[in-house]
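Novice: Below are the structure tokens for one structure; questions will follow.
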Amino acid sequence: MLGSLLIVFREVMEAGLIVGIVLAATQGIPHRGRWVAGGIGAGIAGAGIVAIFAGALSQALSGNGQDVFSATILCLAVVMLGWHIVWMARHGREMARDMKAVGAEVASGNRSLLAMAVVVAVAVLREGMEVVLFLYGIAISSGTGPVPMLIGGILGVFAGAALSWALYRGLVVIPLNRLFAVTGLLVTFLAAGMASQAAALLANDDLLPALGYDIWDSSWLLSDGSMLGRAAKALIGYSDRPTGIQILAWICTCVVLTVTGHLVRHRTPAKPRGAA
Amino acid sequence: MRPALALTALVSMIVATTATAHAMDPVRLEVKDHHFTPDHFTVPAGQRFVIELTNHDDTVDEFESYDLKFEKIVVAGGTISVHAGPLHPGTYKFFDDYHPDSATGTVTVTEAP
């Protein structure tokens, strides 16, 4: 039971950290709960569908289907996080200044919420597929003790969700005028980490040049296999022995998102009018 | 959604245009009753190589290694291949993430002649 709890918890934790950040980053945008919940629901449904086709997916694109699929949805999430950063650059000031007098743009922040719902869906889909396949494997196994293992798995889901909630509650303790600066940074690192994971997946299948292996080895300090290492991977794309392309993708994403955010912020008047 | 389409097109383009080359034949492994056969093999240092894994169990497995940096689902009866290396001499672990207590194995990397 403990074994399956840990396996499921690890996967749910990785998605949960992302959901926690999204919840904090969308603090104060009306109806965000609905969108985040929709993202989680879509992610779970998607995970089930992808799990059914897992066999076909592995055979697709000469055996690289799984990695190309993961890399594609990760890139989609990166674009959506970028979209959120641009949106916050336009409206974040307005939101942080006076929550009660938010403009109509913010009140109908549906486009930014759609982007974040996609990010949540991608996170839940990626990790959820592994949970679904794992629990399905237990459910159909004729071996001993599928019930305790299933219970362990379900407890793992709850533990992961609790961690996600704790991260969110921990973040929103930050005063609102500082919160968006912090979540902006977290979202940027999240996007950079996703871009570098996508690059790692494609480079591992030799679909992208690796640009050097084992650029550093920090496994003595924080191993990819440890719980903390996995959390760091989910949050910022940490790898204990990264390839060159991972580092390049990470830096490029950080630079592009930071520069874009600054440009938008400086070109946007304090009280934006017209279509965003 | 448009960004999704554009991304898929971009990724497919990269897939189509990048060639792969390996110096060695694939290392073939099987997993049965949640044990790898063989559960140990040797490769030379500094080379990329492919591991082909066939799953003879009736459950889905996740072939994974933190040391070798791969993670891939293999369905019941399915065969997958993963790429690894180049590696420094040493011993590296791999496992089935869904049955980590029984399905484990190691790779020894030896100094190339």
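For all residues, glycine too, the Cβ spot is worked out from N, Cα and C.
Quantities reported herein were computed from a predicted structural model and do not represent experimental measurements.
Pasting the feature list from TrEMBL:
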type     : residues  : note
TRANSMEM : A:6-24    : transmembrane segment
TRANSMEM : A:36-56   : transmembrane segment
TRANSMEM : A:68-89   : transmembrane segment
TRANSMEM : A:113-138 : transmembrane segment
TRANSMEM : A:150-168 : transmembrane segment
TRANSMEM : A:180-203 : transmembrane segment
TRANSMEM : A:247-264 : transmembrane segment
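Buried or exposed, and what's around them? Tell me for each listed feature.
Specialist: Note on the transmembrane segment (A:68-89): residues 25, 50, 57, 60-61, 109, 111-112, 115-116, 118-119, 122-123, 125-126, 180, 184, 187-188, 190-191, 194-195, 197-199, 201-202, 205, 207, 253, 256-257, 260-262, 264-265, 268, 276 of its chain, located 6 or more positions outside it, place their CB under 8 angstroms from a CB of the stretch.
Listed by sequence, the residues of this chain that lie at least six past the ends of the transmembrane segment (A:113-138) yet keep a Cβ under 8 A from its Cβ atoms are 4, 7-8, 11-12, 14-15, 18-19, 22, 25-26, 29, 31-32, 35-36, 38-40, 42-44, 46-48, 50-51, 54, 70, 73-74, 76-77, 80-81, 83-84, 87, 146, 149-150, 153, 157.
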Novice: Are the transmembrane segment (A:150-168) and the transmembrane segment (A:247-264) close enough to be called in contact, which here means at least 3 C-beta pairs under 8 A that are separated by 6 or more residues?
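Specialist: Between the transmembrane segment (A:247-264) and the transmembrane segment (A:150-168), which are separate recorded stretches, there is no contact, as judged by 3 or more close Cβ pairs.
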Novice: Other than its close neighbours in sequence, what residues sit by the transmembrane segment (A:180-203), given a CB gap under 8 Å and a spacing of at least six beyond its ends?
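Specialist: Contacts with the transmembrane segment (A:180-203): 18, 21, 24-25, 27, 67-68, 70-72, 74-75, 77-78, 81-82, 84-85, 88, 92, 95-96, 171, 174, 209-211, 233-239, 242-243, 245-254, 257-258, 261.
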Novice: Residue list, the transmembrane segment (A:36-56) vs rest of chain: Cβ under 8 Å, 6 or more residues beyond ends.
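Specialist: Sequence-distant neighbours of the transmembrane segment (A:36-56): 15, 19, 22-23, 26, 65-66, 69, 116-125, 127-129, 131-133, 136.
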